[in-house]
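Here's the structure we're looking at; comments come further down.
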Amino acid sequence: MSAAARRITKEYAELQADFPPHVQAAPDENNLLHWTGTITGPPDSAYKGGKFNIDITFPTEYPFKCTTRIYHPNVTDDGAICIGLLKSEAWKPSTKIEQILRALVQLLQEPNPDDALVASIAEVYNQDRATFNKNAQEWVKKYAS
């Protein structure tokens, strides 16, 4: 078993005892480096009621991809997610899966328009929060229910 596989096995065992709120994820039965899961929109966010499928691949940098469409300034149409701790300049080998899952939930609660991947959505978020929340809820109903 590779070092990455050992670490992921250990972290998954830890996660099973205490998963972050709003998150379910597990490795593929045939590939420990590939996980699928869901993040439920936190009730105190514009994404309440949504169920977002995620696809997690664990090579050396733990890239994440959101497979459910979401109206969010930090998530592209093809599912790329912008989270500070996943950026190459901020990445640390000590970063744990739980930290990343918690950061994903936090991103739903508090989008980061200053580090947006979708500038047009960030602009709506900054200029008209009510419209942003309405659009986010429309996308939740359309894609994440």
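Placement of Cβ uses the backbone N, Cα and C atoms for every residue, glycine included.
Heads up, TrEMBL stuff is auto-annotated, nobody curated it.
The following features are taken from TrEMBL:
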| type | residues | note |
| --- | --- | --- |
| DOMAIN | 3-145 | domain 'UBC core' |
| ACT_SITE | Cys82 | active site, glycyl thioester intermediate |
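Secondary structure by DSSP for the domain 'UBC core' (3-145): 58 helix, 29 strand, 56 coil. Confidence over the domain 'UBC core' (3-145), given as mean pLDDT on the 0 to 100 scale, stands at 88.
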